[in-house]
Amino acid sequence: MTPPSNGQAAETNDHLVQSDNPEHPANLIPSLCAKFWTLGWVTGTGGGASIREDDLVYIAPSGVQKELMKASDIYVLSLAAQAQSLDRRNRVYLRSPPSYKPSQCTPLFLAAFTKRRAGCCIHTHSHWAVLVTLILETQGAGKDREFRINNIEQIKGFGKGFEKSGNLGYHDTLVIPVIENTAHEEDLTEFLEEAMDKYPDTYAVLVRRHGVYVWGDNVHKAKTQCESLDYLFQLAVEMKQLNLPWITDIEPVTPRKS
């Protein structure tokens, strides 16, 4: 049989998204997106999520109301096949839903899977993420390319970096790079990849006036890091309203010896 292309797939591959297991990627993506919708992360069909299970990549479609998504709406492709293809804009999908278009986030999700071996990547349009990039914009050229914050307990929710063990500590500085937005989402790919190369320990990239991409080794880590990051973004916005600095110099407190 000739392989399907341009987002079309053989009907027989519907088995790839059929499972009674709630932890199956095709079931998990809709349930996660429904939760994210309640948080305002994927409003108006924006944002999305993708899960990698070995070589199979499951992706939420474009244009679907995320709180209403079903397993039958999910795209599936082979990660190895994408790595071998020279045409990034004409992807071959193992399975495609009949009524939707492939997500323009796809190449950005794939960057997290190929460059970081991530198991899950989440893209949100969180207004806290957007506000942080706008605040950084007011700092002037050269000071608007990174979000930095330290001495906040929630920073412990992030790993130390790619292929490093352990998590960041309370006194560590969390650094999230910021890239400029483009008219078409897929055109962000090279800038996201450049940020990943420049910041090898980051688990997220902010997109100015747009949102954020967050990834993790698995669904649990991607989700909790996304939650922690949104908490920190909201905190940072409210700190700025109170003229409180994001970076502080605090002496570590050591326990008294008994």
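Cβ atoms here come from the backbone N, Cα and C positions, even for glycine.
If you look up Swiss-Prot, you'll see 1-20 marked as compositional bias 'Polar residues'. Annotation source Swiss-Prot lists region 'Disordered' at 1-21. Swiss-Prot lists CYS105 with the feature substrate binding site, giving sequence analysis as the kind of evidence. The Zn(2+) binding site feature in Swiss-Prot is assigned to HIS123, HIS125, HIS210. If you look up Swiss-Prot, you'll see GLU153 marked as active site, proton donor/acceptor.
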### Message
Let me spell it out: for each of the recorded positions (CYS105, HIS123, HIS125, GLU153, HIS210), count the other Cβ atoms within 10 Å of that residue's Cβ, using every protein chain shown. Which one has the most?
### Response
HIS123
### Task
Please classify the secondary structure at HIS123 (Zn(2+) binding site) using three-state DSSP.
strand
### Query
CYS105 (substrate binding site): which of the recorded positions HIS123, HIS125, GLU153, HIS210 have a C-alpha within 10 angstroms of it?
HIS123
### Task
Using DSSP with the three-state reduction, classify HIS210 (Zn(2+) binding site) as helix, strand or coil.
coil
### Query
In the same chain, which residues outside the set HIS123, HIS125, HIS210 have their CB within 8 A of the centroid of the CB atoms that define the Zn(2+) site?
GLY46, GLY47, THR124, SER126, ALA129, VAL207, GLY211, VAL212, TYR213
### Length of the line joining the Cα atoms of HIS125 (Zn(2+) binding site) and GLU153 (active site, proton donor/acceptor), in Å
24
